[in-house]
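Pasting the feature list from TrEMBL:
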- 93-186: repeat 'Solcar' (REPEAT)
- 195-290: repeat 'Solcar' (REPEAT)
- 61-79: transmembrane segment (TRANSMEM)
- 99-119: transmembrane segment (TRANSMEM)
- 164-183: transmembrane segment (TRANSMEM)
């Protein structure tokens, strides 16, 4: 199982560095954390950030992003392929199987890696010039210092802020993998073969675009809960992961910005995630193929994945 998980972890980290500015831009553009920032096009938001905060601002927090992505994708890919292999036992996979296995792998991944994403979100936004006066500034020296300050000031439970929407969002990678594996089976129908780089890139992009669009409103709520730095005295941390709070945030955003407001920043999010996922799947397939060959496994073993 280490072939797929090495491919997933390594592939995601390699391709994400060049796409990182879009990730930061998406958080600002979506108005999820700072609702007073006006929604503009992706280039305009990026230009504003560089003008206000410097040329390197879009790459703020790149190291925790890479660490989080590497750990998260390693865990997800390993669990996905291990659970799938254990369940199927050489039987043909189906879309429903891929979806169920993807959800199970996503739940495990969320419970293990949410603390990393909480720290990642805060470090990525640290030093930003927010337009919302209710946002409290943070001052973390790095990943370890962020962990220590959060535990000391907010308690261990704060590291799992946003866990509930994250559990709902396991549908994102589950849908992504269901579509990807389904399209891959269709392209291989009749004769098992290794897909071309272009085929992998396209089906990876399509799968991620569908999954991201479907789950995007929840992703904006997830960012709010992970950030958690608001001067709102009546909100208790134990409520931040409740279904009632999530529903309230969604309704409030819909009332304030309209139904389309739930999809603010989707353009930038798609720009980042679709390209990243397409490149990740491409690198994943190549790294996994090479790993299987180095391990002495036959090409048929790889093609039956």
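Glycine residues also receive a Cβ, built from the backbone N, Cα and C atoms like all the rest.
TrEMBL: automatically predicted annotations, no manual curation.
Could you place these features in context, so I can see how deep they sit and what lies close by?
On the 0 to 100 pLDDT scale, the repeat 'Solcar' (93-186) averages 84 in this prediction.
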In the repeat 'Solcar' (93-186), how many residues does DSSP put in helix, strand and coil?
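Tallied per class, the repeat 'Solcar' (93-186) gives 70 helix, 1 strand, 23 coil.
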